[in-house]
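Annotated in TrEMBL:
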type	residues	note
DOMAIN	5-82	domain 'POLQ-like helical'
């Protein structure tokens, strides 16, 4: 009987932690989640980083086994959301060097919603549009966005070339 009660307690604790993580994924900040669930902010941050690390490990596992291909995209997005803990539309901006949550929100609200928008932005206009943004920071953000965009384009180009290359073990045509 005691074992059943212990198992029930474990299930309840896991459900509680799942609710904490769910609240964080719903774009609630660490402070308010910690207050809502009466937990220390450090515990919530540790839980978040542990969940992110575990999700990343499972993602790498699914990349190694072809039969788990459907989980790759799901886990990739979940890992990114756990890592940044922001609204999904801000994640591409958060990948830019020097951009944290507040700056990503500023950029998004100013109309720079994608990496392409930011990569093609004029740093001088960015400085005028975004409050407390210095010219050097604007240049670094634009340069970082361009680099990320080029990396993504190169990866896609490699994938296209791989798809269009005839396989070496192609059966002979009759």
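Glycine is treated like the rest: Cβ placed from N, Cα and C.
TrEMBL entries are annotated by machine, without manual review.
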(request) Averaged across the domain 'POLQ-like helical' (5-82), what pLDDT does the model get? Just tell me the whole number, please. (result) 88
(message) From the DSSP assignment alone, can you count helix, strand and coil residues within the domain 'POLQ-like helical' (5-82)?
(response) 69 helix, 0 strand, 9 coil
